[in-house]
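**Q** Okay, handing you the structure first.
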Amino acid sequence: MNGVGWERVRMARLGGEAAVVGTRRREVVDLRQVSSQTVRLGRVQPQHPSHRTIYCNDSDANFIARFKSNSISTTKYNVLTFLPKGLFEQFRRVANLYFLMISILSTTPISPVSPVTNVVPLSLVLLVSLIKEAFEDWKRLENDNSINNTAVDVLQGQNWENMPWRKLQVGDIVRVKQDGFFPADLLFLASTNPDGVCYIETANLDGETNLKIRKALEKTWDYLAPEIADKFKGEIQCEQPNNSLYTFTGNLIIESQTLPLSPNQILLRVMMNSMSVPSKRSTLERKLDKLILTLFGGLFMMCLIGAIGSGVFINRKYYFLGLFDDVEGQFNPNNRFVVTILTMFTLITLYSTIIPISLYVSIEMIKFIQCAQFIDKDLHMYHAESNTPALARTSNLNEELGQVEYIFSDKTGTLTRNLMEFFKCSIGGEAYGTGITEIEKGQAERSGKKLSDDAKSDTAVHEKGFNFDDARLMHGAWRNEHDPEICKEFFRCLALCHTVLPEGDESPERITYQAASPDEAALVTAAKNFGFFFYRRTPTTVMVRESHVEMMGIKQDVSYEILNVLEFNSTRKRQSIVCRYPNGRLVLYCKGADTVIYERLSNASNDIRKVTREHLEQFGSAGLRTLCLAYRELTNDLYEKWNEKFIQAKSSLRDREKKLDEVAEIIEKDLILIGCTAIEDKLQDGVPVCIETLARAGIKIWVLTGDKMETAINIAYACNLINNDMKQFIISSETDAIQEAEEKGDPVEIARVIKDTVKNHLKQCLEEAHRYLHVSGQKLALVIDGKCLMYALDPNLRVNLLNLSLNCSSVICCRVSPLQKAQVTSLVKKGAHRITLSIGDGANDVSMMQAAHVGVGISGLEGMQAVMASDFAIAQFRFLTDLLLVHGRWSYIRLCKVITYFFYKNLTFTLTQFWFTFQTGFSGQRFYDDWFQSLYNVIFTALPVIIVGLFDKDVSASLSKKYPELYREGIRNMFFKWRVVAVWAFFAVYQSLIFYYFTTTASQNGHNSSGMIFGLWDVSTMAFSCAVVTVNLRLLMENVYFTIYVLLSTFYFYLTLLLVPVVALLSDFFYLGIQRWFFPYNYQIVQEIHRGEYEGVGSREFLEIGNNLTPDEARSYAILQLPREKSRHTGFAFDSPGYESFFASQQGVFAPIMAWDVARRASVRSKRTSHR
């Protein structure tokens, strides 16, 4: 859950408070549950039957249904489930499960290492992960408690009582005050406004910041005072809990009357409606899984070699091993198969360090800090205008940002500002507006012309939402046009057909409009400037102050009764209202996309249809967003018959939305075309430069938009996506063959013609593309519209579409639906296996963002739905440069270094143990001390690699943007290929051989200060120390090699290297000398007394054997009688310093210290015998 998710009541103009009844339709209702149980989010379990009944203001009746309480919980755990569920979550990772098995094996007698060797690292990893989980869940719990204890006024008897939200019950009547939050899903009953209206803000529900109107049923307007509200009784029959925010089906039964309920009476508190973003894993993480599997394969081969070697080596001829008949199964020469199997398990525990247990924790820590400290706090991605910083909503995909090859972008609000301005229009076949758009200026520059931006006329007006210049329409001049009546219809359609809410003083200068989209606000603002000032709205009326209608200079307030509103949605692509004039005239006004409006025009519009189509194309070519306006005169009889069907559809409990659309189709026909509007949406700052930089980085950008082809092409030109040097392939449904088929009206024939056309175009374009690429190397661009794209995505054609698209530098998809955006994204993601990023700012972009590897939301004017569904959020498109070229590239390189370094250092450490196995008869004898093996990953080599993962920079941020070509290395995955892994593996093998054989050979004849030769732990400690120092220095070389190279070429480096340590340690040398000679510790006195003495046994303790055995045989026999080690360590070689010498001295047997490995003992003994 992101935040609280409440709707906020705002009644700035209405003031006061609202009475509502809790329906809580989206909380779980389970008849088997008691009412006190806390609601767990995300577990929607609809009850039987298909609808449910809620009794208003009757707790006894509702008790039978045992609805759940209003307490909510977003936590993942509780006190009882934290440990088991948390551990279950951790052991879902293969690496953690593997180390759990190794830890269990290490407790068995076959394990050569102490359980602490594997238990300690695993425990540390689990502890860190569980602490992180506990901290995050504690924050959720604190948030839940804060919400559940929020106070609300609840009707108890005839008084309002203040109680926490968690105690609210289904059916209670509550009072919500101005700027308060809704404690549950509520049915709106009454408001202090006499018309039963309130304005709500749903920013926490769907991200929309615009005010929305809600209207109570007229039957319940009077239930406001507590003494009257206490008398309210009724039944609510509604649908079962669901996740739909914009639909509601239900009826209110009051006083034996059934009243239909719609979303206009429902006030939502979004809790169970919240949808989580799909879990995504980065490509690098998936490749890491393959590397881990490779390590598993290497581990198996090493264990198999050792197991087979053990089965072959075991033999009673090595009598000094004591392999008698009663020897344990792992060393019984009579059953070599059992020896092989048991040794296999022994070696698995011994070589377990080859799998880096701390890798996942280190990566999570690095990613989290990268997001929280670097991305979120980057001032280069902070938008001061809107006070919006960048936001990383997930830390799983940091490195994915450094490998993006394809960007899929929305146009409106993403490439453009989404600040709509009414710029031009066409009324009755006449075009109005003299301004020049940025796109038109760009077109002129490309053709070598220069357009001068002439001075504005005296009638030009420029305010928020309106930038229009044409004296023929301003200040009542439209009365002098050839058809002023059509002009009035145009202005009234703008002023009436909308859902805009006015705020502030009822004057043109001070009023502000709250609209669901910037387009709607711009159209209403245009009506105001044309003299049709919309200033007040009630649930049933719209007040418009009209100027110059009856006579120039005369203003009159006109009240229009709004009878029905047929709302806009992505399927209908239009909005209509039915209104009644003061004189009784009934009119349906409709506005929508040109394709939808033209399908519903009557023959009476034929005279201006063609001209308006030309104007639409001209406006589209200038980069303007167009909308068609139409109307229809209605008779009372026609309207009454239709309204009956509308009421029935509105009251339906099943398929209400579908039935409403069907009823709307009945009346939205035989329309008369009024004209069209053209709105300008200017480009965001820095978009062309950003796109050019990303193109240099090897990133291909596709624009997926719902706009017309002409508009999209011109925006692409303005953004530097397309230029005149490119070869353009255009696949459009605006062909003669397709238009002829559409005129015939046969759907089957239309589909066949479009499919054949698309198939031929794709084949032809693909052939041309190959020719251009092989001959001239010219860059290519593809433009395709939604109709053709629908058929191009057919399984039989999508391969050709994909091949053609991948050969193009830019692709523009026009007139596409949200589903098609997601399909195109998935086509490249799954078909081409390329890293994709989708960026958008609206709800229609959510599916596209969720389909891509990475989704980036822009916090724009279309609400926050895109941001809430995104992986990363930014305020401007241009910030993609920093997000990808800087943070993405750094994250990718850093994590590649971290992963390959972990692989290298663990392989180096384990191989050293592997070489030792060949010298111990493949017995599973350990080389390193248990604590060395336990702490190698989590202590000795942990911090340096984390520091590199956080702070390593190959080049600065400015150089990353100055040379965007560096980003291509990430696209080609240059730093995590198998070749790179093989190089690190080679270094691991080479260095492990050096660590083992160099130290063992060099210390073969070495003695300590007491004259004793080095034992196993002496040599292994030296090898371990060399390994730790070397792998850390190797990491340092990876980052400072260039600096070292420069230093090594200077004389001062060597001089400094010699003098500085000596001078720096002089004080320590004098201090230690003075302290030892004048202020010695007791142990130092003992050291001086016994300095030079032999620490072994004395000659007086040598065993004298008076029998017939030779001295060598007697000594060997005595050694065989020594007590054998009965512990978890199963290797042949002695695993403790002076083990053999210690027990020999206890028995009076002289045993000179020799090499520790069994194989070498046997070979040395055989050589001595042969020499004799």
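Cβ atoms here come from the backbone N, Cα and C positions, even for glycine.
Unlike curated records, TrEMBL annotations are generated automatically.
The model shown is predicted, which means the values in this text are computed figures rather than measured ones.
Among the features that TrEMBL reports, domain 'P-type ATPase N-terminal' is placed at 54-118. Sequence annotations record features per position, and here TrEMBL assigns transmembrane segment to 291-314, 337-361, 898-916, 936-955, 976-999, 1011-1033, 1040-1066. Among the features that TrEMBL reports, ATP binding site is placed at D410, K411, T412, E520, F568, K591, R625, T705, G706, D707, R815, K821, N844, D845. Residues annotated as Mg(2+) binding site in TrEMBL: D410, T412, D841, D845. Residues annotated as active site, 4-aspartylphosphate intermediate in TrEMBL: D410. If you look up TrEMBL, you'll see 867-1051 marked as domain 'P-type ATPase C-terminal'.
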**Q** Where among 337-361, 898-916, 936-955, 976-999, 1011-1033 do we find the most Cβ pairs under 8 Å to the transmembrane segment (291-314)?
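**A** Maximum Cβ contact count belongs to 337-361.
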**Q** How about long-range neighbours of the transmembrane segment (936-955): same chain, 6 or more residues beyond its ends, C-beta under 8 Å?
**A** 120-121, 124-125, 353, 356-358, 362-363, 365-366, 369-370, 890, 893-895, 897-898, 901-902, 905-906, 909, 963, 966, 1024, 1028, 1031-1032, 1035-1036, 1038-1039
**Q** Average the per-residue pLDDT over the domain 'P-type ATPase N-terminal' (54-118) and send me the rounded value.
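**A** Mean per-residue confidence for the domain 'P-type ATPase N-terminal' (54-118): 81 out of 100.
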**Q** For G706 (ATP binding site), which residues of its chain lie six or more apart in sequence with Cβ-Cβ distance below 8 Å?
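**A** Counting only residues 6 or more apart in sequence, the Cβ neighbours of G706 (ATP binding site) under 8 Å are T412, G786, C814, R815, V816, S817, N844.
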**Q** On a C-alpha basis, identify the one among D410, F568, R625 that is nearest to D841 (Mg(2+) binding site); the candidates are the binding-site residues.
**A** D410
**Q** Against which stretches of its own chain does the transmembrane segment (898-916) lie, if we need a Cβ under 8 Å and a gap of at least six residues from its ends?
**A** 284, 288, 291, 295, 298, 302, 306, 350-351, 353-356, 358-359, 362-363, 366, 925-928, 936-937, 941, 945, 948-949, 975-976, 980-981, 984-985, 987-989, 991-993, 995-997, 1023, 1027, 1030-1031, 1034-1035, 1038, 1157
**Q** When you put D845 (Mg(2+) binding site) at the centre and draw a 10 Å sphere around its Cα, which of the binding-site residues D410, F568, R625 have their Cα inside it?
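**A** Near D845 (Mg(2+) binding site) by Cα: D410.
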**Q** Please list residues from the chain of R625 (ATP binding site) whose Cβ is under 8 angstroms from its Cβ, counting only those at least six apart in sequence.
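**A** In sequence order, T412, M420, D519, A678, I679, E680, D681, D707, T711 meet the Cβ cut-off.
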**Q** Return the residues near D410 (ATP binding site) by Cβ distance under 8 Å, restricted to its own chain and a separation of at least 6 in sequence.
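**A** Once residues fewer than 6 apart are set aside, D410 (ATP binding site) is near V703, L704, T705, K821, I839, G840, D841, G842, N844, D845, M848.
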**Q** Determine the most Cβ-crowded residue among the binding-site residues T412, N844, using a 10 Å radius around each Cβ and all protein chains in the structure.
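**A** Comparing the binding-site residues T412, N844, the most crowded Cβ belongs to T412.
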**Q** 10 Å Cβ neighbour count around D841 (Mg(2+) binding site)?
**A** 29
**Q** What count of other C-beta atoms do you get within 10 angstroms of the C-beta of F568 (ATP binding site), across all chains shown?
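**A** Result for F568 (ATP binding site): 18 other Cβ atoms within 10 Å.
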**Q** Including all protein chains displayed, how many Cβ atoms other than that of R815 (ATP binding site) lie within 10 Å of its Cβ?
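**A** There are 22 of them.
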**Q** By DSSP assignment, list the helix, strand and coil residue numbers for the domain 'P-type ATPase N-terminal' (54-118), in that order.
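**A** Summed over the domain 'P-type ATPase N-terminal' (54-118), the classes give 29 helix, 5 strand, 31 coil.
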**Q** Within 10 Å of the Cβ of D845 (Mg(2+) binding site), how many other Cβ atoms can be counted across all chains shown?
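**A** D845 (Mg(2+) binding site): 31 neighbouring Cβ atoms within 10 Å.
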**Q** Among D410, K411, T412, E520, F568, K591, R625, T705, G706, D707, R815, K821, N844, D845, the annotated ATP contacts, find the widest CA pair distance and round it to a whole Å.
**A** 25
